[in-house]
Every structure is written in structure tokens, then in C-alpha cells.
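Here is the structure we will look at.
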Amino acid sequence: MTDASIIDGKAFAARLRERVGQEVARLKDDAGLTPGLAVVLVGEDPASQVYVRNKGKQTLEAGMQSFEHRLSESTTQEELLDLVETLNADPEVHGILVQLPLPEQIDSAAVLDTIDPTKDVDGFHVINAGRLATGQDALVPCTPLGCLMLLRHHLGDLSGQRAVVVGRSNIVGKPLAQLLLGESCTVTIAHSRTRDLPAECRNADILVAAVGRPKMVKGDWIKPGATVIDVGINRVEGEEGKTRLVGDVDFDEAVKVAGAITPVPGGIGPMTIACLLANTLTAACRARGLPAPDLTL
Ligand SMILES: Nc1nc(=O)c2c([nH]1)NC[C@@H]1CN(c3ccc(C(=O)N[C@@H](CCC(=O)O)C(=O)O)cc3)C=[N+]21
Ligand SMILES: [Mg+2]
């Protein structure tokens with residue numbers, strides 16, 4: 001059998017950012033409105049710093065304003081809530097992202113639920129989770145949205161497909177399951193307590209791995225010809241003490257069995273950032289009572 005085709009998330013994300021940039025330019029000309037994204041980073045986690053830098057750079061490249069707030073590791077919950085409230089009230093800020101994970105003295109759920117739901121470009125507020133689950137207009141979490149865009153582009157209509165999502169986080173697994181249900185897939189959410197996980201995965205026409213365990217999904221867990229979406233971004237020790245990124249899927253095995261597969265890096269990661277920009281554009285339009293542009297490629 002021939003190897004799986006590689007779904008190029010990096011290239012797709014670049015085109016999506018281009019589209020967002022066009023719409024931002026149009027919004028400036030037609031409505032005098034420049035979308036703005038505020039990113040809040042608490043602490044010094046080096047990996048988080050890289051994401052924040054990439055997000056800031058790509059936000060500016062798309063013609064949006066980027067506001068960065070770096071707070072110390074010892075920031076109190078009250079200080080962080082004060083900042084979120086200031087950003088909620090700032091008319092130049094259309095999107096707010098508080099980078100996770102937060103230090104242990106902070107109640108993450110309380111912080112996320114303080115963000116104005118109309119500015120919640122991560123889609124983590126309970127209002128947005130509820131709107132997604134009930135099929136109303138929501139700001140949709142960026143990683144699941146990126147997965148759905150690649151699946152739609154690669155497969156077209158998804159209706160009737162058997163989708164297995166491995167992982168049940170509020171950030172990826174649960175919202176992605178909702179999105180796939182909205183596309184009329186038959187959806188299973190599997191997780192660490194699932195009995196005979198490999199057999200469950202072998203049922204999938206669409207298999208999504210979002211567990212945060214390097215190379216957990218093996219080739220013999222995959223139905224021949226299935227579409228495999230690898231959400232994992234795991235830093236592991238490589239040669240000479242260097243770190244490298246691997247997914248939750250054993251790519252070398254999976255590529256021999258799957259019909260199509262997303263790589264790590266260059267798959268879902270870049271889509272997450274592109275969808276963050278798309279959500280910021282959507283939030284800015286809605287703040288002005290304008291329709292959000294259609295960004296399907
Ligand atoms: N509130 C919040 N929202 C987030 O969306 C969020 C977060 N917190 N905390 C951290 C995680 C992680 N995350 C990534 C986004 C893009 C890449 C990405 O673009 N990765 C590149 C590689 C980057 C590299 O080489 O380091 C790739 O997969 O090709 C990675 C990781 C968003 N996160
Ligand atoms: Mg789990």
C-alpha cells in the first residue's frame with residue numbers, strides 16, 4: 001500500500017492568515033476598525049514564551065494590533081482578574097488570550113470565566129462552551145477549529161463518518177467532539193480509561209489524538225485508509241541534548257497505514273495560531289455589529 005498523504009497544516013495556516021490579513025485591511029478601509037489581540041503570560045515558562053512571541057508576530061503580520069502583558073510567576077489571582085477586567089473594558093482589545101497553564105495559586109476557571117465572552121478568542125468561557133454544545137454562534141476553541149478546517153478541506157462532507165477523539169480535555173477533546181457532531185459524524189470520545197483503546201481507535205474513519213503522550217497511537221491502532229489528526233505537541237529529548245517535537249501518534253508507523261495524516265511539527269500547531277487570528281477578526285466584526293467574513297478556503 002502507498003503511504004498516507006501528508007496534510008500540510010503549515011501551508012494551509014499560511015493561506016488562512018493571508019485571508020485574515022485581506023479581511024483586516026478591508027475592515028480598516030470600510031469601517032476604520034483595527035482588530036486587537038491581547039495576550040497575557042504569567043510566569044517565565046520558556047516554551048510558552050516562544051508561543052507568545054509567534055502569536056505576537058503573526059498578529060502584526062495580519063495587520064492587527066498586538067498587546068502583550070507579561071506578569072511574574074508570583075502574580076496573585078486578584079492582580080490577574082484586575083488585568084482581565086481592564087482588557088474587557090478596553091475598546092481597542094477585541095480578543096483576550098490568557099496563556100495556560102497558570103501558576104498553582106491561580107484558579108484558572110475563575111480567570112477564564114471573567115473574560116468577556118465576546119472577547120474570548122480561545123473559546124474557553126462556559127458561555128462559549130455552552131453555545132457550541134447547543135449549536136449557537138460561539139467563539140470556537142482554536143485547536144479544534146483548526147482540526148475541523150483541515151478535515152473539511154481534505155475530506156469534504158464529513159457526515160456519517162465514524163470519528164474517534166482520544167482525549168477529553170475542555171480545550172481540545174470535548175469541543176472537537178461537539179464540532180464533529182455538528183458535521184453529523186458518529187462521535188466517540190475515548191480516553192485513558194477506555195477499555196481496549198486500540199480496538200476503539202480501529203473503528204475510526206477519522207482518528208484524532210489529543211492526549212499529550214508522545215507516540216502513543218501505533219500503526220496497528222489505525223484502520224487502513226483512515227484520516228489521522230495528531231494534536232500532540234510533545235517536547236522530547238533528541239540527539240546531543242537537543243529537544244525535538246513529536247506528536248501523540250507514532251508517525252513512522254501510522255504513515256504506512258493511514259490514508260492521510262497531519263505531521264508534527266507543521267500540522268495542527270500552526271493552524272491553532274491562524275484560527276486565533278481568525279477568531280480575533282470575528283470578535284472585532286461582531287463588536288461593531290458587522291457580519292464576520294467567511295474564511296473557508
Ligand atoms: N490559552 C491558551 N491558548 C492556547 O492556544 C495555548 C495555551 N493557552 N497554552 C499553550 C498551548 C500551546 N499552543 C501552541 C500553539 C501553536 C503551536 C505551534 O505553532 N507549533 C509549531 C511548532 C513550534 C515550535 O517549533 O516550537 C508546530 O506544531 O508546527 C504550538 C503550541 C497553544 N496553546
Ligand atoms: Mg485522558
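Just so you know, glycine gets a Cβ as well, placed from its N, Cα and C.
Features reported for this protein in TrEMBL:
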- 7-122: domain 'Tetrahydrofolate dehydrogenase/cyclohydrolase catalytic' (DOMAIN)
- 141-286: domain 'Tetrahydrofolate dehydrogenase/cyclohydrolase NAD(P)-binding' (DOMAIN)
- GLY167, ARG168, SER169, ILE233: NADP(+) binding site (BINDING)
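Feature map: annotations from TrEMBL on the structure.
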residue: GLY167; record: NADP(+) binding site; contacts (Cβ under 8 Å, 6+ apart): GLY173, ILE189, HIS191, VAL208, ALA209, ALA210, VAL211, GLY212, VAL231
residue: ARG168; record: NADP(+) binding site; contacts (Cβ under 8 Å, 6+ apart): LYS174, ILE189, HIS191
residue: SER169; record: NADP(+) binding site; contacts (Cβ under 8 Å, 6+ apart): ALA210
residue: ILE233; record: NADP(+) binding site; contacts (Cβ under 8 Å, 6+ apart): LEU245, GLY247, VAL264, PRO265, ILE268, GLY269
Which of these binding-site residues (GLY167, ARG168, SER169, ILE233) have a C-beta closer than 6 Å to some atom of ligand 1? ILE233
Any idea what the model's mean pLDDT is for the domain 'Tetrahydrofolate dehydrogenase/cyclohydrolase catalytic' (7-122)? 96
